[in-house]
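Under the heading signal peptide, Swiss-Prot lists 1-16. The annotation N-linked glycosylation site is assigned in Swiss-Prot to Asn24, Asn58, Asn93, Asn115, Asn158, Asn175, Asn196, Asn215 on the grounds of sequence analysis.
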Amino acid sequence: MIRWLLLMYLGITCQGVTDIHSRNLTNSLKVIYEWKYIDYDFGSDEKRQAAIQSGDYNYTMNYLLDTDQWGDKTFVIIMKFNGVPSSLNVITNKTGNGGPLLAPYPDWTWAKNENCSGITSAYKIEIDMCDRLWVLDSGLINNVRSVCPPQLLVFDLNTSQLLKQVKIPHDIAVNTTTEKGALVTLSVQLLSCEVNGSTLVYIGDNEGFALIIYNNSDNSFQRLTSSTFASDPRYTTFTINGESFTLQSGIFGMALSPLTQNLYYSALSSHNLNYVNTEQFVKSQYQANNVHYQGKENILWTQASAKGISDNGVLFFGLVGDTSLACWNENRLLDRRNIEVVAKNKETLQAITGLKVKRRISFILVHGFPLEYEYVLAVSNRIQKVIYGFDFNDVNFRILIANVNDLIKNTRCISP
């Protein structure tokens, strides 16, 4: 009897691990783009050589970070280091020796940011249901040096015209006590399609440990602080495919649930999963020192990176040390037993730094109407190789895709 109870207990607590081994998760995500190194469509070989000679382009310093899709366009973010000609780009239909060539968005003039009027260092992007591209520009070069104020930019994707450009004040962008700040993640809460409508944008400061709320209707900012935004010193060592590095990082990935209006987040250097309900922010019924943050400490077995969420409340997130993608359904108890690994690949999932859940129209017609389904779009980039060195003869950067329903089939991420 005791032995049976023990086995039953182990079966419950280790159920996720058992399921992982019983399912083939290696090819759950399909690679749709891949690069050995990042290169651009400069317009001519002469212009490309000039960019190399001037130092504007150095292929060894270009690292893929984020992505999003709209129509036939796939947008990509390249971390802004010296040698990166453009941080906000689209993938062209041209291919170089490293992979598909990129082109700056909206055009090259925006990438040449000599007076801080263009784009310095796009870090994260999000496309809303009103065909608008929201761009978070950290203003940082080499991830540390601030050369321009951070800003939010909004583009009309139908015309590629700028709708709005808002500089983020210094006392909002940094922790005024430590003077540290790095605005590296965002989530858009669409409330209106009007240019100056009451859309809210949530921005994570992963060095100053804060959550920033931008109100599009009046261009106001609010900086919130909480211990849940801070890194945990126990989890500042990251190991990816046997290579370790140290990083003290706060909020990195966020996802806003369309079902509950919960904003899910976690400090990158932690094993936690947290959330805050945004209804109080929408109704302006809150005080900065009286916001209720919820979540679970040490619910994860490794650090969580980028996040995305489906319309019916399935939260997806990258697991750094596990080289995997996991999910949890917010209709279930927030408990480790309800977290499922749905994709795992030591080769193709080394550090998921960008993640979106998108809606696509299928060519399949049901009763005369096109079938709509959701898919996961992910970036993996071997980020540890920034320290250990990339082999540019090997594939280093990937964009992957999978149908949401296929990923969660026969898992606890299906709604109860």
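Numbering starts at 1 and runs along the chain as displayed.
Placed from the backbone N, Cα and C atoms, the Cβ positions cover glycine too.
Structural mapping of features recorded in Swiss-Prot.
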{"residue": "Asn24", "record": "N-linked glycosylation site", "contacts (Cβ under 8 Å, 6+ apart)": "none"}
{"residue": "Asn58", "record": "N-linked glycosylation site", "contacts (Cβ under 8 Å, 6+ apart)": "Ile52, Asn82, Gly83, Val84"}
{"residue": "Asn93", "record": "N-linked glycosylation site", "contacts (Cβ under 8 Å, 6+ apart)": "Pro100"}
{"residue": "Asn115", "record": "N-linked glycosylation site", "contacts (Cβ under 8 Å, 6+ apart)": "none"}
{"residue": "Asn158", "record": "N-linked glycosylation site", "contacts (Cβ under 8 Å, 6+ apart)": "Asp131"}
{"residue": "Asn175", "record": "N-linked glycosylation site", "contacts (Cβ under 8 Å, 6+ apart)": "Gly181, Asp205, Glu207, Gly208, Phe209, Ala210"}
{"residue": "Asn196", "record": "N-linked glycosylation site", "contacts (Cβ under 8 Å, 6+ apart)": "Lys164, Asn216, Ser217"}
{"residue": "Asn215", "record": "N-linked glycosylation site", "contacts (Cβ under 8 Å, 6+ apart)": "Ser198, Leu200, Phe221, Gln222"}
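A coil conformation is recorded for Asn196 (N-linked glycosylation site) in the three-state DSSP classification, outside any helix or strand.
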